[in-house]
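What TrEMBL records for this protein:
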type	residues	note
REGION	1-39	region 'Disordered'
COMPBIAS	10-38	compositional bias 'Polar residues'
TRANSMEM	81-100	transmembrane segment
TRANSMEM	126-148	transmembrane segment
TRANSMEM	160-187	transmembrane segment
DOMAIN	222-294	domain 'Sphingomyelin synthase-like'
TRANSMEM	225-241	transmembrane segment
TRANSMEM	250-268	transmembrane segment
TRANSMEM	274-295	transmembrane segment
Amino acid sequence: MSVSEDENQPLLTNGKYQVSKGTPNSKNINEPTSSFEQGMNHRENSCLILPCENQDAVKINLPSPEREEARLPSEICKTVIAFWFMFFNLVLNLTCLAIVHDRVPDRSKYPPLPDIFFGVFSSADWALDVSEIIIITSVWSSLLIIFFHRHRFIVLRRIFLIMGLLYFFRSITMFVTQVPVASITYYCSPKKNNTTPILIVKRVLHLLSGFGLSINGQHTFCGDYIYSGHTVILTMTYLVINEYTPRRCWILHWAFWCASVTGIFMVLLSRGHYTVDVVLAYFVTSRVFWIYHTLANNHFLKKSYWCSTKVLLRYSFCLS
């Protein structure tokens, strides 16, 4: 394909063109038709060679590819701070339980509150162990998947902050209101007439040694009802897997969803919690998770104005 003298328009609209030398019909074309094309002429980019019918070639300058995804720093120091934030609120949560245990209404005088789930399904003590086995499996599976995530430290930092907030909220709701024990067969340690600081510390260490689970026999204190910690963990594992794994892993998403629903059902079946505890736990966990990720993905919230504030939630967004 030769270039005739009557053809004054360029082949394309992105600037500088040049026909290769060495043939009688070769001709240099350097006539950009707009200011945009003039701005593109100074760029030294890769070229595309198009063969012509009479062995002529046209050299077209193309813009270099640009990286669309910004690099995200790991910032391990922030992840460590977020972990200690979660651990502090976990200890606060267990401290409230150690205090509340002596304030729980006497089971011999105050029966369990009326509950629609309790009226439909019979109690099964073994169901609590099943629920905690599901929790242990889901948590370790989630940690393994996060370990292979590209931005594992960012994901862990967000999980630590959200869990810290949830433990903090649960400490408040647990401390302000005590309800009768939901199960008539669950073992509760004897109450003490005088709750001393040393006794509280011993109880907290006792609970920490068992990771707050009943399956290992370390959780023998009653009163941690509003809201359900089992439901918080089960809901968080599903939300994390659903958020930070590819959409094509829909089988994995459904597996964690089924595990979470089954674990929550087993908690209610064992009378480990009232239904209102489960409903509140799901609502608070899902709202905090979705609101946090919505705000954390907004670049405006990561500016210095927001990071300089002293509000707890805004500070946590700055660490994201």
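Heads up, the Cβ atoms here are built off N, Cα and C, so glycines get one too.
Note that the structure is predicted; figures quoted are calculated from it, not measured.
Per DSSP, the secondary structure of the domain 'Sphingomyelin synthase-like' (222-294) breaks down as 56 helix, 0 strand, 17 coil.
Of the candidate ranges 81-100, 160-187, 225-241, 274-295, 225-241 contributes the most Cβ pairs within a distance under 8 Å of the transmembrane segment (250-268).
Three or more CB pairs closer than 8 A are found between the transmembrane segment (81-100) and the transmembrane segment (160-187), so contact between the two stretches is assigned (pairs 6 or more residues apart). Sequence-distant neighbours of the transmembrane segment (126-148) (same chain, 6+ residues past either end, Cβ-Cβ under 8 Å): 155-156, 159, 213-215, 230, 233-234, 237-238, 240-241, 244-245, 256, 259-260, 262-264, 266-267, 269-270, 272.
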